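Q: Supplied in structure tokens, the structure appears directly below.
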Protein chains: 2
Amino acid sequence: MVGGGQLARMTHEAGIPLGIGFRLLSDTPQDSAAKVVNEVVVGDYRDLDTLRAFARGCDVITFDHEHVPTGHLLTLQEEGLTVRPGPHALVYAQDKGRMRARLTELGVPCPRHRLVADPADVERFATREAGGFPVVLKTVRGGYDGKGVWVVGSAAEAAEPFKAGVPVLAEEKVDFARELAANVVRSPHGQAVAYPVVESVQVAGVCDTVIAPAPGLAPELALAAQELALRVAKELDVVGHLAVELFETRDGRVLVNELAMRPHNSGHWTQDGAVTSQFANHLRAVLDLPLGDPRPRAPWTVMANVLGGDFPDMYPAYLHCMARDPQLKIHMYAKDVKPGRKVGHVTTYGEDLAEVRERARHAADYLRGVIDE
Amino acid sequence: MVGGGQLARMTHEAGIPLGIGFRLLSDTPQDSAAKVVNEVVVGDYRDLDTLRAFARGCDVITFDHEHVPTGHLLTLQEEGLTVRPGPHALVYAQDKGRMRARLTELGVPCPRHRLVADPADVERFATREAGGFPVVLKTVRGGYDGKGVWVVGSAAEAAEPFKAGVPVLAEEKVDFARELAANVVRSPHGQAVAYPVVESVQVAGVCDTVIAPAPGLAPELALAAQELALRVAKELDVVGHLAVELFETRDGRVLVNELAMRPHNSGHWTQDGAVTSQFANHLRAVLDLPLGDPRPRAPWTVMANVLGGDFPDMYPAYLHCMARDPQLKIHMYAKDVKPGRKVGHVTTYGEDLAEVRERARHAADYLRGVIDE
């Protein structure tokens, strides 16, 4: 797996019972995953020779993030290495402009959008196509967790996104009721499974809480979202986990927000809440093993991200949360605490959503240090 | 953790979400756990200097097996290292003679037993104390999985156990109805949790299947077994996981068979079947973290060991089992397949015991190669 973040850490964890040999390409020996994996290669994923040396002897190459240059992956593939998801699919998770173009071609509902050239062009898009300001601007490559995304209220505010010299995509700002995610996993010969559609609560552009399944979601809309995600996976020839982030509009439709072709924050609840976790199924898919059952194990599962707060030492809070709630499942990433950085998550499950949600919320807030009782 | 077997492998797996730094002392770099842990020291646990160098910088030392010399552990402790369980407790899992003496002193029910000097002494024990042959002979140290244990029908058959030059314990052969295990976890300040009492089905001295909870066990006997295990943990000052293997007699009593002070095969079901696994709770205990909920997540969970069969390549069977039963949980140890060797286990869970048991049995038999349909 290329990338040493928490997704690789948790994928390795899921690979241990499967008996899978796991090799990691990590930026540093201190990355989250590098601390727990036996076979770690430290190097730069942007360097083709590093990638090539890392990949030699691997049955399959997969990813913790989407930042590996598409051209390098095409080269590896031409040299006979197995890359999953393949670069022809992954490019749609790497480049938001190509993603929007392809989904629109497939008739998949998306926010109104267009590549824009400059602030004046943003103004034209806003007034003629998007029903007015505010609109959303995104660099087509390199963004995550709200980075590379701007909500602008006028052409005057639209200068910043163009400074990076990367193409900029403009999108209407959807007046959504809430955000959902439809997560599916697909294997090379086309077997696929769909997890229950979840609600994803975002705070300041960062995923805060995920509720599985999405409360009160109309069954026909849940089914439509799963079918949409399965269709996208098939049409783009995705292999592995595909997260389709969705807007649920106030008039009962879903629009695609983002795609991710790797384990995803909206699927962390599956570690404790589903028969087979997203991490195990991602591995099973990229290794062309039969997929595991995606069904939930409890009526409700809630995942809350633990963000770094003002206190670098989380140990006292960690003790408190374990003592307070013996059923709490804590997942720490062994990352240095920095304010706002994702350093772990907690999951809770049970029959009463309000209680399950409150337990997760309390633990995440206590670990962050925003409450102390 | 000292020892690179599958117990260490699965303890590391459980430590990843807890954010725990895990260092391993392994006989070889190819041991089951050594393949998945980042920080591996290869060396001989019987050598004090190796142990000392390994332990330096660890917050706590714990074990995958009970073979580390007690004297070495006392030395490490005297030198200021934290050893859990401590050698004063661990000695009762290392030396069956001392275990029997101490449990008897505590009034804990055990089979009739006595250290014996030679075959003539075995004859005296059998006829005067145990109600006749057959009796069970055990070397007091070094046995596991039926090794170091003999069932003898006469003094003439009793020569073998004395050849190792290790003290030999004689025990009555209990006419038991079945074998049970009461698993508890205890932390340094005395917090303890008890898992449901399980039935352990042995074949040729090796654990074959574990059923959680033990079917049809009288609630008062289950409670008595849990209380017994908690009392043994407290009286021996065990820290970490304690497995108390029990005989359920035909007249409705329990007698202690063996003790293990580490994660144990009779607790593997907890990985998929309990809120907190034995591995996570062992780590929480030895690190003096609050313990996790030991309750089951399903009405029935069954664990079946996968033994090596005649076919070294298990991959086709592994594919078949995943495809046949998407709910099956497979745990492979990445060990070379040798006939009779434990190379993995499977767990299944659900509401119908017969169906749950059949699924586990089928998968274990298919992986071993004794069935092919």
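For all residues, glycine too, the Cβ spot is worked out from N, Cα and C.
So TrEMBL says this about it:
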type	residues	note
BINDING	B:Lys96, B:Lys138, B:Glu171, B:Glu172, B:Lys173, B:Val174, B:Glu179, B:Asn257, B:Glu258	ATP binding site
DOMAIN	B:100-287	domain 'ATP-grasp'
Q: Within the chain of B:Glu258 (ATP binding site), which residues six or more apart in sequence place their C-beta under 8 angstroms from its C-beta?
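A: Within the chain, B:Glu258 (ATP binding site) has Cβ neighbours under 8 Å at B:Lys96, B:Met99, B:Ala243, B:Glu245.
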Q: In three-state terms from DSSP, label B:Lys173 (ATP binding site) for me.
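A: DSSP call for B:Lys173 (ATP binding site): coil, neither helix nor strand.
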Q: Once near-sequence residues are set aside, which residues in the chain of B:Lys173 (ATP binding site), 6 or more away, have Cβ atoms under 8 Å from its Cβ?
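A: Listed in sequence order, they are B:Pro111, B:Ala130, B:Pro134, B:Val135, B:Val136, B:Val151.
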Q: Across the domain 'ATP-grasp' (B:100-287), what does the pLDDT come to on average, as a whole number?
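A: Summing pLDDT over the domain 'ATP-grasp' (B:100-287) and dividing by its length gives 95.
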Q: If you draw a 10 Å sphere on the Cβ of B:Lys96 (ATP binding site), how many other Cβ atoms land inside?
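A: Within a 10 Å radius of the Cβ of B:Lys96 (ATP binding site) lie 25 other Cβ atoms.
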Q: Determine, from DSSP, whether B:Glu179 (ATP binding site) sits in helix, strand or coil.
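A: Going by the DSSP assignment, B:Glu179 (ATP binding site) falls within a strand, counted as strand.
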Q: Return the maximum Cα to Cα distance in Å (whole number) over the record's ATP-binding residues: B:Lys96, B:Lys138, B:Glu171, B:Glu172, B:Lys173, B:Val174, B:Glu179, B:Asn257, B:Glu258.
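A: Farthest Cα pair among residues binding ATP: 18 Å.
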Q: Using all protein chains in view, find how many other C-beta atoms are within 10 Å of the C-beta of B:Glu171 (ATP binding site).
A: 22
